[in-house]
Amino acid sequence: MNLAVFLMFCRLAIAQISIPLYLSSGESNRGKRRVFQLLAKATPVTYFGTIEIGTPRRSFRVAFDTGSAMLWVGSTDMVAEQGNFVQRFDPDGSETYHETEDRFDLQYAVGRVVGTLGFDHIFVGDTQISNFSFGLGQHIIADIPGSQLFHGIMGLSAHTEGQLPETFVGAMFRQNLIEEEIFSFCFASNHEYLGDGVIVFGALLRWCYNGEVTYIHAGEKWSVLINFIGVYQGQLLVNSFTAFVDTGTQFIDGPRTEIDRINGLMEVVRISDEIYYVNCSKIPQYPTLLLSLSGLQLALTPREYVAVMRNDTGEFCFSAFSYHEQPGWYFGTMFIRNFYTVFDPRRSLIGFAQACFRYE
């Protein structure tokens, strides 16, 4: 997860937005057990959903992150170098919490979270995942302004790490709460029923996509082979690399040379390593890009790889393609939200389909 970019956009968002408390529910569809959670957009590139923990249940807004493995929320004894994390979990306040002597130490791109592991009931809507192992963050070594927007992270990596006994999706499947050990993301824009989007556990959400889902092989940590990035019916820009499909990353992050080459197609002004401003009025003039993922070709129009953020002073636009110091490539939400995207950890597959709802 590119925590540095997330933190910067929290700064931009804090003065102008508030995230409503979205509740979701489990449902059955033609006999298939699935659970869904509505998503809320905190910034143009950052999304949260609400889960509940403990007895009695307490609500926490979490980012769903395929780039990490652990669920963690802030503890009442947390020490944060910046920010106050207004919603924290009190182990003494839950009748069903079980403490352990195990500790965790999570390192993100920028920042670090240290704490203890325990067990309690996790709720997605009315669906209870019993006695699930999660982390209580006791020390946040990062600058997290606007922490009232952010209570923790739900890791959705394909495999567990450290002392964790099982993944969140694996626990749902083992407890017979979902039909299949899969999950998917369907993004929207202020949809009447979906809001800003939904994460679905256990079965496909058929009315979120057109046609069929095409699956490609996924390696460790949801990595996929990218054959190339190029201009549609035009020049080749980047050739043959591996990328992580990471909902905890906001942009399409890559090495500076290649990112500068792609952003050279637009009139960009780089204000930091992460942010490249774009002239909003010229977006229709920019080319459509073609990305080949293990032979599956996906197109991105300029309105899909340029994000628009509006505030009281007007609007500004920025490119989805961002430089970062980590090695490799990360395809974040600005890529994923343009498709209905399915993660299948048991078969090591990621699926893509044409989304029914156009992101605006």
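Cβ coordinates come from backbone N, Cα and C, glycine included.
What TrEMBL records for 1-15 is signal peptide.
The domain 'Peptidase A1' annotation in TrEMBL covers 47-353.
Summarising the annotation, TrEMBL assigns active site to Asp65 (among others).
According to TrEMBL, the active site annotation covers Asp246 (among others). A coil conformation is recorded for Asp246 (active site) in the three-state DSSP classification, outside any helix or strand.
Look at TrEMBL and you will find Cys280-Cys317 tagged as disulfide bond. Sequence-distant contacts of Cys317 (disulfide bond), defined by Cβ-Cβ distance under 8 angstroms and a gap of at least six in the same chain, are Tyr277, Val278, Asn279, Cys280, Ile283, Val306, Ala307, Val308, Met309.
Other Cβ atoms within 10 Å of the Cβ of Asp246 (active site) number 26 in total over all chains.
Note on the domain 'Peptidase A1' (47-353): mean pLDDT across this stretch is 91.
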